[in-house]
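So that you can see what the record holds, here are the features copied from Swiss-Prot:
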type	residues	note
REGION	3-12	region 'Plays an important role in the hemolytic activity'
REGION	11-30	region 'N-terminal region'
BINDING	Ser54, Val87, Ser105, Pro107, Tyr133, Tyr137, Tyr138	phosphocholine binding site
REGION	105-120	region 'Trp-rich region, which is important for the binding to lipid membrane'
SITE	Tyr113	site 'Important in the initial contact with the lipid membrane'
SITE	Arg143	site 'Interacts with the lipid membrane'
Amino acid sequence: SAALAGTITLGASLGFQILDKVLGELGKVSRKIAVGVDNESGGSWTALNAYFRSGTTDVILPEFVPNQKALLYSGRKDTGPVATGAVAAFAYYMSNGHTLGVMFSVPFDYNLYSNWWDVKIYSGKRRADQAMYEDMYYGNPYRGDNGWHQKNLGYGLKMKGIMTSAVEAILEIRISR
């Protein structure tokens, strides 16, 4: 069965093959991204919202992500001859009472910018907005450099992730205990 952005899949099956299919669904658009976030946190997540600083999406965030499942999501630049990238943050309320925030940036102009991404856990319930995006983008984000990165997120959780450097980017993240 084909993977579709806006759905969930078995966490163990998340990988570049599935995310490449998500990219393919976006069609012939440059500046696009397929995102997969594997929930190995021991709890469940409920979608709050996505905030696009630039670009848009054609799908909604999967509403509920149980433990050991992975959410699939995507973003793209606006259609037409516009100089935009796919730049956003999205948020999930976690069953531990905190919020998982994810930020990605696939810029239009690679002469000035690079692919960037980050993950952060916020205390309590918090929707994604410009402030959340800026907190992660201007904090200490990871470059989309085709390399794996990991960090302790606090609250007993850690993350490991990778983002490609391409204009058709893939971002794969695993949240675990």
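Placement of Cβ uses the backbone N, Cα and C atoms for every residue, glycine included.
Keep in mind that what you see is a predicted model, and the values were worked out from it rather than measured.
Sequence features, as recorded in Swiss-Prot, placed on the structure.
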| residue | record | DSSP class |
| --- | --- | --- |
| Ser54 | phosphocholine binding site | strand |
| Val87 | phosphocholine binding site | strand |
| Ser105 | phosphocholine binding site | strand |
| Tyr113 | site 'Important in the initial contact with the lipid membrane' | coil |
| Tyr133 | phosphocholine binding site | helix |
| Tyr138 | phosphocholine binding site | coil |
| Arg143 | site 'Interacts with the lipid membrane' | strand |
Same-chain residue ranges lying at least 6 outside the region 'Trp-rich region, which is important for the binding to lipid membrane' (105-120) that approach it to Cβ under 8 Å:
31-33, 53-55, 75, 77, 83-87, 135-137, 139-145, 153, 159, 161, 163-167, 169, 171, 173, 175
Among all chains shown, work out which of the recorded positions Tyr113, Tyr137, Arg143 has the most CB atoms within 10 A of its CB.
Tyr137
Between Tyr133, Tyr138, which of the binding-site residues has its C-beta surrounded by the fewest other C-beta atoms within 10 Å?
Tyr138
Sequence gap of 6 or more, C-beta under 8 Å: which same-chain residues meet both conditions with respect to Ser54 (phosphocholine binding site)?
Lys77, Asp78, Thr84, Gly85, Ala86, Val87, Ala88, Phe108
Residues satisfying Cβ distance under 8 Å from Pro107 (phosphocholine binding site), sequence separation of at least 6:
Arg31, Gly85, Val87, Tyr113, Ser114, Asn115
Just report the maximum Cα pair distance in Å for the recorded phosphocholine binders Ser54, Val87, Ser105, Pro107, Tyr133, Tyr137, Tyr138, no decimals.
16
Within a 10 Å radius of its Cβ, which of these binding-site residues (Val87, Ser105) has the fewest neighbouring Cβ atoms?
Val87
